[in-house]
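Taken from TrEMBL as is:
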SIGNAL    1-16  signal peptide
DOMAIN    64-118  domain 'NADH-Ubiquinone oxidoreductase (complex I) chain 5 N-terminal'
TRANSMEM  83-105  transmembrane segment
TRANSMEM  117-134  transmembrane segment
DOMAIN    136-424  domain 'NADH:quinone oxidoreductase/Mrp antiporter transmembrane'
TRANSMEM  140-159  transmembrane segment
TRANSMEM  219-238  transmembrane segment
TRANSMEM  258-274  transmembrane segment
TRANSMEM  286-308  transmembrane segment
TRANSMEM  314-334  transmembrane segment
TRANSMEM  346-363  transmembrane segment
TRANSMEM  383-403  transmembrane segment
TRANSMEM  424-447  transmembrane segment
DOMAIN    437-634  domain 'NADH dehydrogenase subunit 5 C-terminal'
TRANSMEM  467-485  transmembrane segment
TRANSMEM  619-640  transmembrane segment
Amino acid sequence: MYLLIVFLPLLGSSVAGFFGRFLGSEGSAIMTTTCVSFSSILSLIAFYEVAPGASACYLRIAPWVSSEMFDASWGFFGDREVTGPTVVMLIVVTSISSLVHLYSISYMSEDPHSPRFMCYLSILTFFMPMLVTGDNSLQLFLGWEGVGLASYLLIHFWFTRLQADKAAIKAMPVNRVGDFGLAPGISGCFTLFQTVDFSTIFACASAPRNSWISCNMRLNAITLICILLLIGAVGKSAQIGSHTWSPDAMEGPTPVSASIHAATMVTAGVFMIARCSPLFEYPPTALIVITFAGATTSFLAATTGILQNDLKRVIAYSTCSQLGYMIFACGISNYSVSVFHLMNHAFFKALLFLSAGSVIHAMSDEQDMRKMGGLASSFPFTYAMMLMGSLSLIGFPFLTGFYSKDVILELAYTKYTISGNFAFWLGSVSVLFTSYYSFRLLFLTFIVPTNSFGRDILRCHDAPIPMAIPLILLALGSLFVGYLAKVSNFWANSPFVLPKNEILAESEFAAPTITKLIPILFSTSGASVAYNVNPVADQFQRAFQTSTFCNRLYSFFNKRWFFDQVLNDFLVRSFLRFGYEVSFEALDKGAIEILGPYGISYTFRRLAERISKLQSGFVYHYAFAMLLGSTLFVTFSRMWDSLSSWVDNRSSFILIVSRFYNNK
């Protein structure tokens, strides 16, 4: 049963990929959706077996790589501390993916390449369980790379669109930067522990290791490994510096955005940190870096989203912001709360993306919110779904997002450290901005007077039944999943946290009441500002444009903190220039070409030309050459013992070849 959870999506993807042209669009969609749906049902059964009973589950399928001390096998799950986050991730991935598959049947029905789309979507669903269930770092890395490849294929699905090409090409190298940290981190684990098996690494993590001093800081091997693993998580989970690919990934179909940003790709980095909690708990420096990176990302993405005009980009920046909350929750050693927020976030974020897809699908693929407005009467069902998703996103009391986001901020406050206070205040201010852009999205899309074309208003329609069913199920998850997961005792023993870092009870009973009320007050303030500003958005924007400072501030946030421009000017162009001038001109067309094919062919061609000039046709010339050659041969053969210490064969060859080049 456990193996079917992983391999059923692969079966559906293979059938749709190889036989899609025979099955057709409907056959491929039914096949892939059925496989993923059965996988989600089996994930619920696995959760029931593992979670309430606290039972361990380990499956060793077959040996993979075995060489002396190195042994990596195909295995799934692991001990209790590993299985806890794993079964939660399996439910999140398979359930969200099955709903996205069901939604895609209607959304992609008119696309002639829908079998290929369903194949790519199922292969993404296969690689994510492969990542979360692997019992060693090599299997995790295989799923990690597979998720990146599948996301590239999905973002690039509409390959005739230039922006989709650019987004896919941008996503691939940015994720490779993260892999540049993850791969050395795995190599460092093997070097230090002589194994890639998670259970052995975690058991040996507490042993003291050699340390060294660098830049007036004492570092040890565990700290370096954790920093490298963090670099991998930063690239995959769209944290600060590597977050630019996430909004651009909106160029793919909307179901792709929902799958990547809700349940699969961007959550891989958070899961990897939570799974390696026995490793991250021992170096405090790594935890501080994680906290600062996550808090900064949540603030950056929240401030960027307030002035974006693309419907899907606003939701994408909210994803980056919520991922920042998950990362700094790991930084304050509360991995279970981070996974809890990841699970809650998956439901309301998938609801927001799929609701946005319903609007875009009905509005002739229009994504600019400024060209919408007044759609609440035309889309009452979609408006209700997006309202529930937005309320859950901002942490409205007793909805799903409320139970995890508020706990993260309370934990950051009761950490009583500089990094904890930094994360608390940036996270609280991010709540204000999150509330603002969430209600700004609702106002510009559904409430303000319409700016749409008349033909779009006449042709628009609410979500059909196949698209409405996933929205209803996700809305139920956005309402009740947080409460149901909170009252269960599943989170008690998972994952590993050092006793000195355990502050959950203190945040519950020692945090001041005003601290617990700050997120709600900021959410209300953001909604009030959006309510008062967006009905008069034109006047507000003109006021911004008349002031020099406000105009620059508007441009700063609208241009996404100029991250794309800075990265293009200082990194991308430098690498492109290096690749052309050094790699292409100096090496490929320079040294390698001269010393390789071109140089050898040119040398022998010039040598043949020189030798051909010696063919004069006169017998006495040949006789003289033979006599001269015989004399020189006899002379050198007799005197070689005395000349061998003075003559270098290689220098003689280089001298002869250089004469040919000089005579060119």
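Any Cβ shown, glycine's included, is placed from N, Cα and C.
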Cβ under 8 Å to the transmembrane segment (219-238), counting only same-chain residues 6 or more beyond its ends: which ones? 144, 147-148, 174-185, 188-189, 192, 205, 209-213, 245-246, 265-270, 272-273, 276, 279-280, 282-283, 285-286, 289-290, 293, 297, 319-320, 323, 326-327
Given 117-134, 140-159, 346-363, 424-447, the one sharing the most C-beta pairs under 8 Å with the transmembrane segment (314-334) is 424-447
Per the Cβ filter (under 8 Å) with a sequence gap of at least 6 from its ends, the transmembrane segment (383-403) is approached by 318, 322, 340-341, 344-345, 347-349, 351-352, 355-356, 375-376, 431, 434-435, 438-439, 441-442, 445-446, 471-472, 474-475, 477-483, 485-486, 519-520, 523, 526-527
Within the same chain, the residues 6 or more beyond the ends of the transmembrane segment (467-485) and with Cβ under 8 Å of it are 99-100, 102-103, 106-107, 340, 343-344, 347-348, 350-351, 354-355, 357-358, 361, 381-382, 385, 388-389, 392, 398-404, 491
Residue counts in helix (H, G, I), strand (E, B) and coil for the domain 'NADH-Ubiquinone oxidoreductase (complex I) chain 5 N-terminal' (64-118), per DSSP? 33 helix, 13 strand, 9 coil
Please work out whether the transmembrane segment (346-363) lies in contact with the transmembrane segment (258-274), by counting C-beta pairs under 8 angstroms that are 6 or more apart in sequence and asking whether there are at least 3. yes
Can you give the mean pLDDT for the domain 'NADH-Ubiquinone oxidoreductase (complex I) chain 5 N-terminal' (64-118), rounded to a whole number? 79
